[in-house]
Amino acid sequence: MTKFIFVTGGVVSGLGKGITSASIGLLMKARGYKTTNIKIDPYINYDAGTMNPYQHGEVFVLDDGGEVDLDLGNYERFLDTNLTFEHNITTGKVYSTVIEKERRGEYLGATVQVIPHITDEIKRRIREIAKDYDIVVVEIGGTVGDIESMPFLEAARQMQLEEGRENVAFVHVTYVPKLKVVGEQKTKPTQHSVKELRSLGIQPDAIVARSEDPLEEEARKKISLFTNVPREAVVSAYDVEDTYEVPLLLEREGLGKYLIKRLKLEDREPDLREWEKMVAKYKALKETVEIAIVGKYVKLTDSYLSIKEALKHASVSNDVKVKIRWIEAEDIEEHGTKLLEGVDGIIVPGGFGARGAEGKIMTIKYARENDIPFLGICFGFQLTVVEFARNVLGMKGAHSTEIDPQTPYPVVDLMPEQRNLEKLGGTMRLGAYPVKIKKGTLAYRLYKKELVYERHRHRWEVNPDYIEAFEKAGLVFSGVAGDDERRMEILELPDKRYFIATQFHPEFKSRPMRPAPVFHGLVRAAKEYKQEKNATN
């Protein structure tokens, strides 16, 4: 019988419920149990696709084309698995289904209500995924007490009643602040948060107490007493240097063992050796390289979370720590490329719209002319084509029709199948598509195979009418779409140290033990470039 672990959050948002949920999933998987993670987002949006990265962070793209919350990226990285769009349950999806059923007459004239109809649909979606797994970790987004979360918490309460207490556990993530004035950790916010949860009929089985420093014994005892949670199940999750340390911290605190016992499962020795090795290696890195990320959402770095993580993975594989220099593309427009001086590598990531586009083009020109290791992603790939057209081929005013519909040289154009769409949500070229790689190229040396599947999220593409002109001028298109060879996927400049751009998002498939090849290559090239600079100085 499938076991369920619900993870809720209290006091404030942004405590790291996603990392806690991913860590619990890893601890269960490390014990040999078939485990998956589900994220519940209580917003009314159907998916994360049309959300502003400033508000919500990055939109993570799955193999099946699902545009989902960034927490699913953490789940995939921690559990080394590929999830589906169904693993992200939103209020929008739930209500859509219920309203469709009502319109079809499936409720036989009943008054459709939150209980039972909405809660039944939530439970149905969770159970549908659970069929194939021993353990399902379900993170309920938001904070206990939010009006949006109520139906989901009620559905979770009902599931414990229906599945049996030994099959459903609740983990509550809270915040324990330390007031500088008195110098002690305060448990009152946690007490109130649990009180709120209990008023909804849910008694947490374990409490993950987030704090700056390790939880003091006095605070632990107090939380246990006032929340009716055993002392061994009050877990100290203090701030660590890197999120990949969290599973090891929770395991040391005994959370994995406690949940296994609570769910009446056989406790097995967790195999975390590879994970421990990876964390130790990352922490021990001394040598550094600095890589600039020039984007339009850099004020909220979570907008580029998967890129940050992919650089971390490539740090471990190259024995060098990456320091990121965050640069707003508009600042390049205003202050020039001097903001890039001294960097060992440059990334121009994805993004939509005109704001900052010229700054990104200036950045690409700087990388190309100064032979600095460079990686362009999605919009960064398209703007690399624009920069090359303008500054190498002399096509004055060349642009993407996304930015300038009247450009004399539309070197990047809307894909034909995108031309008559009325809806924005879920209509891009989304998800994993095959990419054919040409032998004898940088891309082939990185991937070491001729066919790869990478995740996409775009409407525009390189205009096939200009490909011949680009290739004559020395630009190599080393990867094309497996389903349409006129669709360009990877470009490179062979005469440069490392200059590559991809139409797809390689960061979405990067994993701690298997870094994305183009990121591994970028960090390696940045390391070699820095060594060269140091040798000549």
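Using the three backbone atoms N, Cα and C, a Cβ is placed for every residue, glycine included.
Site annotation (Swiss-Prot, ligand L-glutamine) includes TYR54, GLY351, PHE379, GLY380, PHE381, GLN382, GLU402; from ARG124, ARG455, ARG459, the additional listed residue is ARG459. Checking the candidates ASP71, ASP80, ASP120, ASP132 against Swiss-Prot: the one annotated together with GLY14, LEU15, GLY16, LYS17, GLY18, ILE19 at the ATP site is ASP71.
When the candidates LYS39, LYS221, LYS222 are compared with the UTP site entry in Swiss-Prot, which names SER13, LYS186, THR187, LYS188, PRO189, THR190, GLN191, the shared residue is LYS222. Using CA atoms as reference points, the binding-site residues TYR54, GLY380, GLU402 were checked against GLN191 (UTP binding site), and the closest is TYR54. DSSP gives PHE381 (L-glutamine binding site) a helix state. Using Cα positions, the member of the binding-site residues ILE19, TYR54, GLY351 nearest to THR187 (UTP binding site) is identified as ILE19. Counting in whole angstrom, CYS378 (active site, nucleophile) lies 8 from GLY351 (L-glutamine binding site) by their C-alpha atoms. The maximal spread of the ATP binding site, taken as the longest Cα to Cα distance among GLY14, LEU15, GLY16, LYS17, GLY18, ILE19, ASP71, is 13 Å. Distance from the CA of LYS17 (ATP binding site) to the CA of GLY380 (L-glutamine binding site) is 32 Å. Taking a C-beta cut-off of under 8 angstroms and a sequence separation of 6 or more, GLU402 (L-glutamine binding site) has the following same-chain neighbours: PHE352, GLY353, VAL412, LEU414, ARG459, TRP460.
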